[in-house]
Amino acid sequence: MKKTQRKEIENVTNITGVRQIELWRRDDLQHPRLDEVAEEVPVALVYNGISHVVMMASPKDLEYFALGFSLSEGIIESPRDIFGMDVVPSCNGLEVQIELSSRRFMGLKERRRALAGRTGCGVCGVEQLNDIGKPVQPLPFTQTFDLNKLDDALRHLNDFQPVGQLTGCTHAAAWMLPSGELVGGHEDVGRHVALDKLLGRRSQEGESWQQGAVLVSSRASYEMVQKSAMCGVEILFAVSAATTLAVEVAERCNLTLVGFCKPGRATVYTHPQRLSN
């Protein structure tokens, strides 16, 4: 690889996800000021030279995003199915170029779809309505969680949103231990992308999906439930509400879904047997 190209790639992967722009405040429309705004760029996931999906995302931690997306969409079963990965600039955004095993690439080609996604959209561009809600193996019941430990985690979720603290424009997804401690998290302008980044990182580091839960700062859509279940997550906590389809998918795949998570409050939609209070 040429030095100039390598330097360009390093610059791309070291982006902070924040850009300063000129803007005006309501109380002073005569004088512009600089403020931080979250970056949102098109990110294409390219498998073995073929573009599979374009998502709008924050330009950070894209390797984790690509790995998490590949796992949560059933493209791969393990990080070992990916032989290599590079993040490179393209004409209008970024590409994550992924080298899949031959077996996985053949499977991908059989069900290939092209998405032109809105921000973190998990449905845009599916070829048929039947493609929505892929079958998920029912989850086992291997753990419990004390809801009294949730409040402390909620207080620290913002720690994983440095861009969000500057801009007010990102979602977070974090892993919560049974003690309530958050031991890793990611943020993104797209809630699904933030979750994929978390799933990708934990898989890359070989962490177990047992003994813990996912906590997200957003609502719980069916895609969030499905992605979590595809990776073996048994419990999903969301700060906002759940949709009807999210509840249906969670019920079907044995995932414990909890919404409206605030200090002293939580609404359990499915499988409360994993929870105590």
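Just so it is clear, glycine is given a Cβ too, placed from its N, Cα and C backbone atoms.
Annotated in Swiss-Prot:
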ACT_SITE  Cys121  active site, cysteine persulfide intermediate
BINDING   Phe260, Cys261, Lys262, Pro263, Gly264, Arg265  Mo-bis(molybdopterin guanine dinucleotide) binding site
> For Pro263 (Mo-bis(molybdopterin guanine dinucleotide) binding site), which residues in the same chain are close in space, meaning a Cβ under 8 Å from its Cβ, but six or more apart along the sequence?
Replying inline: Asp151, Leu154, Arg155
> Does anything in the same chain, at least 6 positions from Phe260 (Mo-bis(molybdopterin guanine dinucleotide) binding site), have a Cβ under 8 Å from its Cβ, and if so what?
Replying inline: Ala238, Val239, Ser240, Ala241, Ala266, Thr267
> What count of other C-beta atoms do you get within 10 angstroms of the C-beta of Lys262 (Mo-bis(molybdopterin guanine dinucleotide) binding site), across all chains shown?
Replying inline: 12
> What other residues of the same chain, not counting Phe260, Cys261, Lys262, Pro263, Gly264, Arg265, have a CB atom within 8 A of the CB centroid of the Mo-bis(molybdopterin guanine dinucleotide) site?
Replying inline: Leu150, Asp151, Leu154, Ala266
